[in-house]
Amino acid sequence: MSPPDHTAKLDDLPGQVNNKLSYAHEEGDLDEASGLTHEELAFVRDFPEDKKKKVLWKVDVRLVPFLTLLYLFAYIDRANIGNAKIEGLVEDLGMTDDQYRICLSIFYVPYILFEIPSNHYLNKMKRPSIYISAIVIAWGLVMTFSGLTQNFGGLLAIRLLLGATESGFFPGSILIISKWYLPNETQTRIAVFYTASALAGAFSGMLAAGIAQMDGVGGLEGWRWIFLLEGIVTVLLGVLTYFWLIDSPALSSGWLEPDEVRYLELRQRADPSRRAMARVKNEGSGSDTRKALISVLCDWQIWMHGIIYWSNTVPNNALKFTMPQIVRNMGFEATRAQLLTIPPYIIGAISAFVSSWFADRFSWRMPFIVGPQLVVIVAYSVLFAMAGDITNNVPACYFSICLACLGLYPINPCGNAWNLNNLAGPSKRAMGIAFMLCIGNVGGIIGGFIYIDSEKPKYPTGFGSSLGFVAAGVLACLVVEALYKYVNTQRAKMTEEEVFAKYTPEELDAMGDRSPLYRYTL
């Protein structure tokens, strides 16, 4: 099956001077199709191919691995409570199973509430590295103090603070990536970044198994050392972030050549989809925050993408907190159970990257979301049917856990890229990224409650709920694809001349992605 060709590349720009994204008039030597002067357009068009690859490689090496490392520790720091549980956290703090599940889910309350204001603030900052550095140090300190908690109330307060301090990092990182790359380049980079969430599960189990051997050192339990040491490392990374994280091409003259800086800036302005988005003044620009927020809240596509996001966040957040216990239910002792959580996450990381590479290669998102979702449905169907007798079905159940991770981890990088590519204007893009993540992260709250200890090892609520949310995600994904195609087809029926005869440029600006000139990316 050949995917539709619905993305434009910079190499095609000379032939797009009169395309449907143009306002079809010129001022001086400004080329309206690209938004550049003719000299600037020639510079982008004639920039040597080897230098294009070189500058993108330099950005890739400097930006993506470091964001991935930071997200690795963000995910470890929020999920290591699951590793601490099987090392005795619940018993040592005198907590009930219900109290433990509350501590899991309470993390997401401030995490959800602060994502939008955090990203809005970050979008206005000239140097995002300062803000990101501050929040990394903050959540590292909170994680360090987690090792000193003495009761349920203390752990609850720590989880609230951890959610608040981590809330700005993930949406902020997606926003930073969007400022450096074109739409058809984003998903592979987001996927590399997002593999950290899978690798975090692997490293978390490995680190926990090793650190837990410090049980009794300094009079502290092993689970306390997990929190303390991982928190200290995060603080050190936060300090490094201030010096290493790159901000924007304009502020990168210290490690990029002047012509490389110019190329990176001009290609963003020249990209047709960015050009269309940049026209959204009233609805999407930073000049009218209130209108941008209303536009985000009333945008059907963001809500639908939130449901797609749920097909990952509910089963994945539930699984990451419970996988060590599920593996232990198979009959393995604590240390071996920690180590057996590593392979599923490595499989998930590889799957996310490979799937995203193909999605960027074909510039088509839907198949690379629905395919993995169907794999997850198969995995949870097997677990739902066989986990009740898990000790006699260890190979099948463990394989199904690996299969679940294989399907879960490609969903979010593809969904995030799809959402990002269809948000018009910098302000709406910043808010829209955060708001979609807010909707999706409600799934984190749900996920913290669906695996009930009294139901182990069958966990009918956990496996059954996961199945339901993934099925809803499949339906939402198909609906979004169909609606995007329908809207694009309807808009294509109007010629550019008919559009300008019916609307003024100001009215088209105010419409944002409702403009008949706007085309959704599939």
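In case you wondered, yes, glycine gets a Cβ from its N, Cα and C as well.
Automatic, uncurated: that is what TrEMBL annotation is.
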Per TrEMBL, which of 288-305, 342-359 is transmembrane segment? 342-359
For the transmembrane segment (432-452), which recorded stretch in the set 154-178, 190-211, 223-245, 342-359 gives the largest number of Cβ pairs separated by under 8 Å? 154-178
Mean of pLDDT values spanning the domain 'Major facilitator superfamily (MFS) profile' (63-491): 88
